[in-house]
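Student: Please find one structure pasted underneath; my questions will follow.
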Amino acid sequence: MMSEKKTVTLKIKRQDGPDSASYEETFTIPYRQNMNVISALMEIRRNPVNANGEKTTPVIWEMGCLEEVCGACSMVINGKPRQSCTALLDQLEQPIRLAPMTTFPVVRDLAVDRSRMFDALKKVKAWIPIDGTYDLGPGPRMPENKRQWAYELSKCMTCGVCLEACPNVNSRSEFIGPAAVSQVRLFNAHPTGAMNKEERLEGLMGDGGLANCGNSQNCVQSCPKGIPLTTSIAAMNRATSLQTFKNFFGSDH
Amino acid sequence: MAASRDFVSRKLHSLLGVIPLGLFVIQHLTVNYFATRGPEAFNDAAHFMESLPYRYVLEIFVIFLPLLFHAIYGVYIAFQSKNNVSRYGYLRNWMFYLQRISGVVVLIFVTWHVWQTRLQAAMGAEVNYQMMVDILSNPAMMIFYIIGVLGTVFHFANGLWSFFVSWGFTVTPKSQRVMTYVTMIIFVALSVVGMRALFAFV
């Protein structure tokens, strides 16, 4: 016996533009096997009709890789910030509530502007400068055991979940957030990157820097990649403490 | 390059909370504890503290200036955070929240306590066992002092945990977990000291 067609209900917090007020709109879409939040949003885009049968504008969201490595599709799903590509409908309680992350300015609907994260990476110089006027040859080798833990840090995809979870990242504070702090640890651990480690530490010691961390440790609990963010924060606390002494008392190395 | 104001202020705030303020709290509670040995012992201990040489220098540089900075900057920090324990109910997030609440409680308590004892002393009253008996004979005051002392002791113990992270002493999750236990034992131990002293006045 064929029962009535299975459906999925989504309650989505929408916003037409950066300065408009938000509102909630409910959608009921046909269920298919193995759906994720993105395929549900695609269904709404294909047929933008809300649960009352009214035609509406398609819901806007951001996405890239669809395999949880680019970080673009983060949103708050049933109260938890995470990537919508790996949020499988079968594992979510209905109605599924979607909302944009609150730490970042909303561009439209579920799309947010994560500029503050990228600005933070620039501030701490989260890269390794290797450009020069001639070939410098191969850099120093990296010990294997160090490479292994550094690899864990390199999984950061600037998705914004740790900033969303952090009580000290908000519109009242300039805190750069956990992600950029951990990136300094990553690049300072690299044998070539270590040649410029002081520059990155100075970035961390700037306004809005590492010292703004209040140790709530929500970041490490929330990171979808399991990056040891609080270990990175404490390690950088140690590095900046030592750097402060070196700066003040003087040191040649 | 000089470190930023944010960095220096935050580090100073963390340092002052332990040295000298944390040490002062322990010293103060220890002097109070003499009350468990009777009025005379307490009065002798209090009198010894009063008659320390260059007392005003000690009071200003060990207590009042660090306290003012720690309190004012602490309130600024507390009201900058956007607490979210309802969504992230993890232990450390609760401690983060309680640290800010207890900070405000301690500020209110200490302000009142300084007015009631140190400023009264400056205006001629004598700080002794009898003064505390009079204050704590009011049940509302007793409750206020119990909350104040417990708040202070918690704020110090948990602040000590943060201090160890913020200066980079405890880096690994394991060392941080051990420090959680150590600081909570400190909280309980100092609470016993504080409570026994308070109840010695009633």
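Just so you know, glycine gets a Cβ as well, placed from its N, Cα and C.
According to TrEMBL, the protein has these features:
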type     : residues                     : note
BINDING  : B:H28, B:H70, B:H113, B:H155 : heme binding site
TRANSMEM : B:12-34                      : transmembrane segment
TRANSMEM : B:54-76                      : transmembrane segment
TRANSMEM : B:97-115                     : transmembrane segment
TRANSMEM : B:135-157                    : transmembrane segment
TRANSMEM : B:178-199                    : transmembrane segment
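Locate each feature and note its surroundings.
Tutor: Non-local neighbourhood of B:H113 (heme binding site): B:Y145, B:G148, each in the same chain, at least six residues away, with C-beta under 8 Å from its C-beta. According to DSSP, B:H113 (heme binding site) is assigned to a helical segment.
Only residues 6 or more beyond the boundaries of the transmembrane segment (B:54-76), in the same chain, are considered here, and those with a CB under 8 A from a CB of the stretch are 9, 12-13, 16-17, 20-21, 24, 103-104, 107, 110.
Beyond the transmembrane segment (B:135-157), the same-chain residues lying 6 or more positions past its ends with a Cβ under 8 Å from any Cβ of the stretch are 17, 21-22, 25, 29, 98-99, 102-103, 105-106, 109-110, 112-113, 116, 183-184, 186-187, 190-191, 194-195, 198, 201-202.
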Student: Taking only same-chain residues 6+ apart in sequence, whose CB is under 8 Å from that of B:H70 (heme binding site), what do you get?
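Tutor: In sequence order, the residues whose Cβ lies under 8 Å from that of B:H70 (heme binding site) (at least 6 apart) are B:H13, B:L16, B:G17, B:L21.
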Student: Other than its own, how many Cβ atoms are within 10 Å of the Cβ belonging to B:H28 (heme binding site)?
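Tutor: Excluding its own Cβ, the number within 10 Å is 16.
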Student: So around the heme site, B:H28, B:H70, B:H113, B:H155 aside, which residues have their CB within 8 A of the centroid of those CB atoms?
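Tutor: Neighbours found: B:L21, B:F24, B:V25, B:L67, B:V106, B:F109, B:V110, B:T152, B:F156.
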Student: So if I exclude everything within five residues of the ends of the transmembrane segment (B:97-115), which remaining residues of that chain have a CB under 8 angstroms from its CBs? That is, six or more out.
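Tutor: For the transmembrane segment (B:97-115), the list is 67, 71, 74-75, 77-78, 81, 83, 85, 144-145, 147-148, 151-152, 154-155, 158-159, 162.
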Student: Once the chains shown are all counted, how many other Cβ atoms turn up within 10 Å of the Cβ of B:H155 (heme binding site)?
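Tutor: Step by step: centre on the Cβ of B:H155 (heme binding site), count other Cβ atoms within 10 Å, giving 26.
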